[in-house]
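Peer 1: This structure is in structure tokens; I'll ask about it shortly.
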Amino acid sequence: LEAWFLDSNEDDQRKPHRQNPNCPVSMEQLKKLGVFHWKLNADVYETDPELEKIRKDHGYSYMDIITIHRDTLSNYEEKLKVFFDEHLHLDDEIRYILDGTAYFDVRDKEDRWIRIAMNKGDMITLPAGIYHRFTVDETNYTKAMRLFVGEPVWKAYNRPADHFEIRQKYAASLQ
């Protein structure tokens, strides 16, 4: 997993958008934001004891798989726009990249964008209440497992959503 602060260029969201010079973000910095990462063997995800242990330890009882590509996702371009709108969720967001590549962008406590490059085998959790967005990279393809505690909740709340208790709790945790 690699992460960096985004540049201010707003052209194609699928490009890396690294600052010049690049300004990397460490795993330690991400952990302080409540973002956690595992590197797993995606080739054996169906029988992986490590994935099963993570799911059991964290209560990730629901799972499905989404393939994000023009040929497999209806209204592909429209969905990418929706995924890229800055938003938060009332529950943690857990994603495991089974194939391809993608980016998650998260806000740090100074409200700066951090881009997280996800590759095959990367699993990430974003805490409830963190502002974030998602996009594929220039390959326009990723296959991801979506995990949830209990029944899935797909609702995203676009920014501003500071009135939610979970957002206030998350913001307070950064102090």
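From the backbone N, Cα and C atoms, a Cβ is placed for every residue, glycine too.
Below are the features I grabbed from TrEMBL:
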REGION    1-22  region 'Disordered'
BINDING   H87, H89, E93, H132  Fe(2+) binding site
BINDING   H87, H89, E93, H132  Ni(2+) binding site
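Tell me about the surroundings of these features in the structure.
Peer 2: Below 8 angstroms of C-beta separation, residues 29-30, 37, 39, 80, 84, 103, 105, 112-119, 122, 124, 135-138, 140 of the same chain, each at least six residues beyond the ends of the region 'Disordered' (1-22), sit close to that stretch.
Other C-beta atoms found within 10 angstroms of the C-beta of H89 (Fe(2+) binding site) number 20, with every protein chain shown included.
Listed in sequence order, E86, H87, L88, E93, F104, D105, V106, R107, L126 are the same-chain residues six or more apart from H132 (Fe(2+) binding site) with CB atoms under 8 A from its CB.
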Peer 1: I need the neighbours of the Fe(2+) site defined by H87, H89, E93, H132. Which other residues of that chain put their C-beta within 8 angstroms of the C-beta centroid, in sequence order?
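Peer 2: Same chain, not in H87, H89, E93, H132, Cβ within 8 Å: L88, L126, I130, Y131, R133, F134, A156.
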Peer 1: Starting from the Cβ of E93 (Fe(2+) binding site), draw a 10 Å sphere and report how many other Cβ atoms land inside it.
Peer 2: 21
